[in-house]
Amino acid sequence: MSLVEVRVEIPSAEAEAVNELLLEQELAAWSVFEDVVVGRAWLIGLFPDQTAARDAAAALRPLLPLAAQAEPGYREMAESEWRDSYKTHFHPWQFGRLHWVPVWQRETYVLPAGHHALWLDPGLAFGTGNHETTRLCVERLVALADEFGTAGLVVDAGCGSGILALSAAKLGFRDVVGFDNDLEAVRVSEENAVLNELNGQVRFFVGDLVSGLKDVQAQVLMANILADVLIRYASHLVQAVRPGGVLILSGILATEVAQVRAAFGQEAPDWAIESKTMGDWSDLELRRPAGVLEL
């Protein structure tokens, strides 16, 4: 198997803005790489063939800041080469009893008793899970799994490549769904479920923050989406959490968290709210008071 790499050099000053764009547009096949020593940055994507690579580059270009619209370079990479390129910067990481491990370590990685691994393959547009927005969510999720056990519905709203929903299943939650308004994201999520032998255990479907949350009463609802989208759909997100349930919001720049907190405080004034910050990003955890389920 071979892949086509697309590489665009971007100004290092634009790296954070481009990374935010990738998250907002859910462009899982692309990543931003920075060399802070030399002050250079690149936007890199991997695609199955030249046609897909050129189409993706053409679609992305008008979305980029003008300063980041350099001409892309294309090169075909053998399977061994593109896997090795990821091995240099992608290493296992862990929080609590869940480990996120590159699939090429599947035969050698040693898990402690009672721990679980989610196998990641960046070549499948899975990403590494290492971005602060994802890590904030999964750290909350691990803690909630210890608190709630396996009871209740877990929903990953805007699932992207499925890492949060699949992490929930690995932690033992039995009723897990994920949705995205991008058909390609749903397809990738389903592929990643197969990679982790979770196909049939997690249901993925195409939906948005209105249709995907219709009639939902989640024990845990996760939305790793940018701040403006969270604010716009605050009422839908709040209404989809059952009494005693938890809403986890991420994808929020630290400079925007007060604005998001205020918006959700208006929608859910009696909910307990707390926040954590990691790097330039913050999350919010909102807990709905236990009470009678609204019909």
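Cβ coordinates are placed from backbone N, Cα and C, and glycine is handled just like the others.
Binding of S-adenosyl-L-methionine is attributed by Swiss-Prot to GLY158, ASP180, ASN224, and within the candidate set THR134, THR255 the record adds THR134 to that site.
Of the listed binding-site residues, namely THR134, ASN224, the sparsest CB environment within 10 A is found at THR134. ASP180 (S-adenosyl-L-methionine binding site) falls within a strand segment according to DSSP. Neighbour density for GLY158 (S-adenosyl-L-methionine binding site): within 10 A of its CB lie 26 other CB atoms from the protein chains shown.
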